[in-house]
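For reference, the structure is listed below as structure tokens.
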Amino acid sequence: MSGNLRSRIVTQGVQRSPNRAMLRAVGFGDGDFERPIVGVANGFSTITPCNLGLGALAERAEAALRAGGAMPQLFGTITISDGISMGTEGMKYSLVSREVIADSIETVCNGQSLDGVLAIGGCDKNMPGAMIAIARLNIPAVFVYGGTIKPGRYQDQDLTVVSAFEAVGQYSAGKIDQTTLVEIERRACPGAGSCGGMYTANTMSSAFEAMGMSLVYSSTMAAEDPEKADSTALSAKVLVEAIQAQILPSAILTRKAFENAIAVIMAIGGSTNAVLHLLAIAHSARVPLALDDFECIRARVPVLCDLKPSGRFVATDLHRAGGIPQVMKMLLVRGLLHGDALTVTGQTVAEVLRDVPTEPRTDQEVIRPWDRPLYSSGHLAILRGNLASEGAVAKITGVKKPQITGPARVFDSEESCMEAILAGAIQPGDVIVIRYEGPKGGPGMREMLSPTSAIIGAGLGDAVGLITDGRFSGGTYGMVVGHVAPEAFVGGTIALVEAGDLITIDAPARKIELLVTTDELERRRAAWRPPAPRYIRGVLAKYARQVNSSSLGAVTDAFI
């Protein structure tokens with residue numbers, strides 16, 4: 001097998017005797033230098049329940065790689081806990097961590113001349129960070145998702161971490177007492193695994209399964225169930241076979257694969273963050289992809305799955321109902337999926353789905369029949385207008401009326417908005433504007449889960465709108481529009497909004513407009529001055545200087 005291995009540059013020849021000496025110290029024997037050397041990029045951490053189980057999965061992958069004839073080399077990648085950093089300055093590092101993860105995996109794999117990589121991730125940015133690196137590296141690779149958390153339970157209701165965020169708003173509005181608040185807090189996260197609804201982590205793992213970079217059924221498994229470890233071992237076996245056959249990510253991460261991922265994300269009601277991350281992965285894979293592609297697919301694909309945050313069920317329920325393969329098969333038979341797209345197994349999507357039923361089982365309610373979808377078209381709408389000439393992303397599930405025109409309540413940070421919500425200062429009909437939270441302005445494009453959850457908890461979810469140049473958590477729902485571009489920091493129109501200005505959000509018409517005359521906007525633009533950078537040293541300063549627009553994926557390597 002050694003003939004086509006790039007690790008030969010490290011393991012072969014007299015001049016590489018010192019290199020082999022060091023490899024012997026980490027477990028290589030005389031016969032091992034002809035084997036493929038495979039990295040296991042492991043995001044294990046006790047920082048977050050999302051990554052708590054990854055160490056055991058890495059050990060299982062290591063054993064399976066050895067059994068398959070490869071030499072595994074484990075290395076760590078960082079993680080940020082979005083849930084724990086939410087609503088704080090620390091959340092500015094979340095999207096930054098996507099780039100750090102990508103850079104670190106690329107650095108190790110190329111620095112060590114590895115022949116392949118098995119990446120294991122849990123929390124939100126682990127997934128796109130790993131896939132960006134895989135696309136850049138273009139060496140045989142497979143992604144293993146650490147698995148989803150099981151739901152908590154209180155008063156006969158399933159709980160997720162978003163339940164705790166919403167409880168803060170309910171408590172502040174006097175709708176629940178402190179005892180209930182504390183009980184929800186205690187029960188929301190009962191063990192290891194990523195946040196349980198169709199939030200960002202589960203959305204991206206589902207996307208990777210649809211793209212063929214993860215094994216079927218693996219994206220909805222519970223972190224603590226034995227099948228997750230078994231799937232990890234099988235992923236390692238498949239990776240060794242991919243190395244032997246030289247199945248490269250560039251053959252898998254094609255335009256068809258991205259279109260398949262977008263279709264599945266629409267069908268499952270996935271996170272707005274998928275738009276940002278798929279744009280970034282496509283950039284690394286050199287695949288043309290734009291916001292308009294999401295809108296084109298959205299118009300054709302219904303929402304089939306009744307999943308939290310706006311629905312009833314969690315990812316483990318989806319798994320029991322047939323998982324992502326069931327959703328994919330429903331799309332495939334209706335011509336909404338590319339069946340000839342390649343997967344990491346060497347099979348096509350159609351071949352992988354051959355034995356999956358064409359329709360969902362009748363004994364479950366998670367996946368709707370095709371003729372009774374939750375929504376007739378996709379939920380992630382791309383809005384444009386004078387407030388977002390480059391585009392913005394709206395999630396239009398879970399709202400009774402997807403249009404609003406109201407007076408602007410303007411905040412230059414998430415914290416000041418949160419104070420107003422908890423103080424009862426937001427009124428029905430208001431359109432909240434949170435700005436200077438974009439990729440450059442934040443920097444880091446924080447997720448606005450705390451204010452959106454507080455709005456829901458206060459009973460205002462159907463009565464107010466919220467727009468921001470920041471992001472939203474996968475746990476967000478309501479009349480919310482994020483990723484507004486150009487962002488305020490670079491002089492986007494959102495920077496020119498004044499308190500009391502009328503703003504229209506019209507999701508069905510895909511419009512977002514500031515109802516101010518062109519002359520007045522030009523007067524304000526002439527008077528506007530860019531703010532000083534919030535950071536002049538460290539990683540946030542570097543990120544702010546290099547990151548591009550959210551409409552392009554907020555990538556940091558778009559130098560040409």
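Each Cβ is built from the backbone N, Cα and C atoms, and glycine gets one as well.
Feature annotations, courtesy of Swiss-Prot:
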BINDING   CYS50, CYS123, CYS195  [2Fe-2S] cluster binding site
BINDING   ASP82, ASP124, LYS125, GLU447  Mg(2+) binding site
MOD_RES   LYS125  N6-carboxylysine
ACT_SITE  SER473  active site, proton acceptor
- Message: If you measure from the CA of CYS195 ([2Fe-2S] cluster binding site) out to 10 Å, which recorded positions from the list ASP124, LYS125, GLU447, SER473 are inside that radius?
- Response: ASP124
- Query: Taking Cα atoms as reference points, which of the recorded positions ASP82, GLU447, SER473 is nearest to CYS123 ([2Fe-2S] cluster binding site)?
  - Reply: ASP82
- Residue with minimal Cβ packing [other Cβ atoms within 10 Å] among the binding-site residues CYS50, CYS123, CYS195: CYS123
- Task: Looking only at C-alpha atoms, tell me how far ASP124 (Mg(2+) binding site) is from CYS50 ([2Fe-2S] cluster binding site), rounded to the nearest Å.
- Result: 9
- Note on the structure: Same-chain residues at least 6 apart in sequence with Cβ under 8 Å of the Cβ of SER473 (active site, proton acceptor), in sequence order, are ASP82, MET86, VAL162, TYR199, THR200, SER271, ASN273, GLU447, MET448, LEU449, THR452
- Other CB atoms, at most 10 A from the CB of ASP124 (Mg(2+) binding site): 33
- Query: Hey, does DSSP put CYS195 ([2Fe-2S] cluster binding site) in a helix, a strand, or just coil?
  - Reply: coil
- Packing count at LYS125 (Mg(2+) binding site) (other Cβ atoms within 10 Å of its Cβ): 28
- Task: Based on DSSP, name the secondary structure state of GLU447 (Mg(2+) binding site): helix, strand or coil.
- Result: strand
- Message: Same chain, not part of CYS50, CYS123, CYS195: whose C-beta falls within 8 angstroms of the C-beta centre of the [2Fe-2S] cluster site? Give them in sequence order.
- Response: THR48, PRO49, ASN51, SER81, ASP82, GLY83, GLY122, ASP124, ILE149, GLY193, SER194, ALA201
- Item | Cβ neighbour count (within 10 Å, all chains shown) around GLU447 (Mg(2+) binding site) | 31
- Query: So for ASP82 (Mg(2+) binding site), how many other CB atoms are inside 10 Å of its CB?
  - Reply: 31
